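The following features are taken from TrEMBL:
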REGION    83-118  region 'Disordered'
REPEAT    282-315  repeat 'TPR'
REPEAT    538-571  repeat 'TPR'
REPEAT    606-639  repeat 'TPR'
Amino acid sequence: MMEKVILAESDDDLYEGIIGHKMMEKVILAESDDDLYEGYNEFHPALDTRNLQSDEGFQQAVLKSSYGRKGVTTGYRGATGASRMGTTAGYRRSSITSSNPRAIGTAAGQQPPSTARPMTAVRGVGYTSTGNRGAGVFDPLGQSKSMVSGFQTRDDSAPEVKIKQLEKKINDLLEESVFAAQRLEMSTALERAKDCVQKERSLSRMKEGSGLAETIAPNSDLTFAALFNLAVQYTNADMCYSDLTFAALFNLAVQYTNADMYSEAINTYQSIIKNRTFTNTGRLKLNIGNIYFKQNNYPKAIKFFRMALDQIPNIQKDLRLKIMHNIGLSFVRLNQFADAITSFEYIMSERIDTITAFHLIVCSYALGDRQQMKQYFSKLLEVNAEDSFEDKYVTHSDINDDLTNHLLVEVIKNDDLRQWEKQRRHDSEWSILTAAKLVAPVIGDTFSQGYEWCVDQIRNSSAFAHLANDLEINKAVKHLRKREFIEAIATLKSFEKRDNKSASTAATNLSFLYLLQNDISMAEKYADEAINANRYNSGALVNRGNTYYRHQDFERAKEYYKEAVNNDSQCLEAMYNLSLAFKKLGAYEDALDYLFKLHALTKRHPHILYQIANIYELLGNRDQALDFYQQLLHFVPSDPSLLVKLSDMCDADNDKQQ
């Protein structure tokens with residue numbers, strides 16, 4: 001910029017004074033107390049604007065500019081006289097003189113140069129000689145070219161706005177449908193899903209009609225992610241559809257399935273799969289396979305499971321194993337156990353799983369293959385299901401004896417992760433005990449030999465060694481059911497010197513066994529041993545109460561039965577025996593209270609119905625007694641004593657026909 005000025009005006013340095021001041025500035029700071037900013041008001045005379053009012057050459061230049069061409073009302077009146085120009089800009093300019101020699105020469109009547117003086121010094125901020133000519137408005141940023149103001153009110157009738165509003169309604173309906181399904185309100189969820197699909201079709205027609213189908217990006221709201229994770233448990237699935245059409249149709253298919261409308265669900269899934277605009281929809285055949293499995297159409301279920309398996313990449317290992325598990329279960333339902341074993345063995349080769357190993361044992365049991373049963377039972381014991389909660393938290397807290405650690409243990413003792421650990425541990429123990437009870441009678445030459453092999457295998461497993469005692473007690477129970485009392489007693493007596501829990505369980509069974517043999521003294525002995533080992537053993541308390549009941553000591557029996565009910569509110573034996581004790585003591589109302597509790601829990605058990613009817617009869621309420629006797633007749637229609645009882649009651653009422 002300075003180079004241009006020097007060429008047009010002078011060869012002198014325009015910033016000579018400033019530079020000189022800058023050079024002296026450091027000296028002043030170090031040596032003098034004069035004004036630090038002295039000299040900044042000194043500049044070259046060519047840059048002086050205070051005398052422009054008397055510069056006649058500047059006036060002529062203004063007249064030749066864009067301002068001079070805007071309908072001037074009073075023209076130029078001479079070179080030396082006062083000149084007037086139009087007031088189109090709202091002001092007037094007077095003639096001015098210039099200190100510039102060249103400008104004075106021009107004013108004296110000399111001809112100006114052929115090329116106008118360039119205004120390069122102000123182009124950077126938007127001033128040009130021709131850019132805004134005739135516009136009358138200073139607009140260096142070109143804001144006047146925009147026809148829409150940033151503060152203009154939105155037009156709700158515009159197609160873009162309507163489309164966005166409709167997309168929001170569709171997402172809201174999706175959320176309502178998903179949350180209703182989570183609350184098990186299936187009819188509401190299905191209704192919202194249908195409304196969602198209808199509105200989505202209206203949205204598609206609106207986009208096509210307005211020509212905005214390609215310009216408006218599909219709604220990528222997170223609602224579909226939540227819907228997809230809730231509706232189908234696809235582990236590690238990388239399905240990320242942002243298309244609102246897919247979300248609406250998928251939700252509709254899920255809600256059809258929840259409402260047991262399987263044909264409609266399959267048709268909806270098929271329409272999604274056939275739509276080429278959606279990607280990776282082949283895996284939805286897994287959902288169709290699940291529907292056929294629910295309909296007991298296992299061949300078609302296997303077909304769609306395999307088609308879905310072809311669509312799942314190898315990187316999604318967990319999902320592929322779950323599909324293989326479904327295929328194996330389908331073969332089990334078809335009694336094709338060899339094919340089922342093939343599917344389950346593939347899963348075991350990839351990952352040892354408790355449920356899969358249990359299914360392999362069941363299939364081998366169905367085929368009668370002893371060696372495979374032993375092999376898969378050993379595999380089942382290899383599953384790592386150790387519970388390290390005590391080692392991680394409880395022991396650490398006891399050592400430090402810190403209040404904060406104790407509070408931490410109390411908080412996490414029953415949190416979701418801890419509940420999941422307990423359930424996983426429980427599932428593993430259930431699978432092992434159930435498998436042992438299933439295979440023990442058949443894998444050995446004798447009943448006892450099979451149980452001994454299973455007990456030895458479990459004891460050799462460090463994680464499940466405690467289950468060996470439970471299996472031995474189960475062995476004694478099996479002997480009891482076979483009326484092999486000597487073997488049962490021998491097995492149970494082997495627990496007398498073991499840990500308290502096992503000893504209490506064995507003593508409880510021994511007490512029950514001696515009660516069956518009517519050996520009351522031995523029953524009392526082992527019942528007391530069981531109670532001493534574990535005071536909260538409800539079974540032992542019931543047996544001790546039974547011994548007092550046999551001695552006609554109903555008051556003492558009632559106390560033991562009550563303690564058993566307090567320890568275990570679901571102990572049906574204690575509640576039933578307690579009602580009998582109340583009945584013997586003449587407390588009929590108390591007996592009825594416990595009998596009605598049992599009646600609600602057991603859903604009309606014949607013994608309970610009889611006791612209720614008998615107590616009503618003792619209370620003199622013949623109508624209620626007759627009603628419950630008639631209910632009992634539906635369960636035991638050929639019981640002669642009941643028929644005689646009803647006949648006597650009808651005869652007393654002079655109802656000869658009945």
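Keep in mind that glycine also has a Cβ here, set from the backbone N, Cα and C atoms.
Non-local neighbours of the repeat 'TPR' (282-315) in the same chain are 232, 234, 237, 239, 250, 253, 257, 262, 265-266, 269-270, 272-273, 323-324, 326-327, 329-331, 333-334; each lies 6+ residues outside the stretch with a CB under 8 Å from one of its CB atoms. Non-local neighbours of the repeat 'TPR' (538-571) in the same chain are 504, 507-508, 511-512, 515, 520, 523-524, 526-528, 530-531, 577-578, 580-582, 584-585, 601; each lies 6+ residues outside the stretch with a CB under 8 Å from one of its CB atoms. Each residue of the repeat 'TPR' (282-315) gets a DSSP state, and the totals for helix, strand and coil are 27 helix, 0 strand, 7 coil.
Residues of the repeat 'TPR' (606-639) grouped by DSSP class, helix first, strand second and coil last, total 27 helix, 0 strand, 7 coil. In the predicted model, residues of the repeat 'TPR' (538-571) average a pLDDT of 91. Under DSSP, residues within the repeat 'TPR' (538-571) fall into helix, strand and coil as 27 helix, 0 strand, 7 coil.
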